[in-house]
């Protein structure tokens with residue numbers, strides 16, 4: 001295939017950080033050649049899984065989530081959707097493209113939304129060891145109240161990746177809403193932390209996602225034994241994991257945007273956005 005020669009003296013972006021101090025790439029628009037990456041992942045025959053949890057009232061989001069994923073997520077690649085839900089009848093039967101399939105997994109519902117978000121770490125971990133390890137190479141974990149607005153492809157894939165939260169990418173460490181109680185398993189001191197990662201989107205190889213979800217679940221259980229919960233639940237434990245187990249790739253806020261934060265000039269494409277909603281109504 002033909003493509004423009006890379007220029008060592010010309011940076012793809014000069015307005016944003018494109019690599020971390022531990023040399024993990026930060027993916028922004030204009031920092032990669034998707035044609036090259038597609039060819040590499042096709043040669044590997046990469047099998048990609050996407051997990052999403054649709055519990056209680058969150059089923060109102062799943063049709064738009066799946067329809068937009070079919071349009072914009074991993075175009076041209078094999079994708080297996082894993083939809084975990086307490087209401088199988090509420091999952092739409094949509095037409096999938098060739099090489100893509102969907103499995104609906106029945107799980108129990110929970111009274112509190114906090115329990116739903118935290119329980120998913122255990123469920124993902126267990127499902128990886130029971131099934132996914134033999135079915136997919138990479139697993140992408142997403143919240144249901146998101147909608148794909150632009151293409152998201154194999155540029156996101158790596159050993160383990162996290163997404164920089166759109167509300168904190170220009171903030172100092174002291175502004176990060178980490179768990180600050182030193183007796184919590186999610187504790188991060190105020191003078192530590194690289195970035196603040198959103199809990200709505202993470203992934204990597206199934207082996208690495210297993211390690212991540214296992215850590216988060218065990219940390220939750222440790223806190224539960226003390227009758228406490230980290231400030232932002234699974235997101236707090238995820239940030240603790242990424243502090244001491246650095247992600248090998250970071251996705252810019254383009255990949256989990258919320259229009260509440262406006263339209264900064266550095267965010268050239270809003271690829272995945274949070275659907276506007278009344279949180280009290282959908283979490284009730």
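One is the number of the first residue shown, and numbering goes on along the chain from there.
Cβ atoms are placed via backbone N, Cα and C, with glycine included.
Automatic, uncurated: that is what TrEMBL annotation is.
What TrEMBL records for 53, 54, 55, 58, 143, 144, 145 is UDP-N-acetyl-alpha-D-galactosamine binding site. Sequence-distant contacts of residue 143 (UDP-N-acetyl-alpha-D-galactosamine binding site), defined as residues of its own chain at least six apart whose C-beta falls under 8 angstroms from its C-beta, comprise 52, 53, 199, 200, 201.
Taken from TrEMBL, the feature Mn(2+) binding site covers 143, 145.
Every protein chain shown contributes to the tally, and the Cβ of residue 235 (active site, nucleophile) ends up with 24 other Cβ atoms within 10 Å. Residues or ranges marked as active site, nucleophile in TrEMBL: 235.
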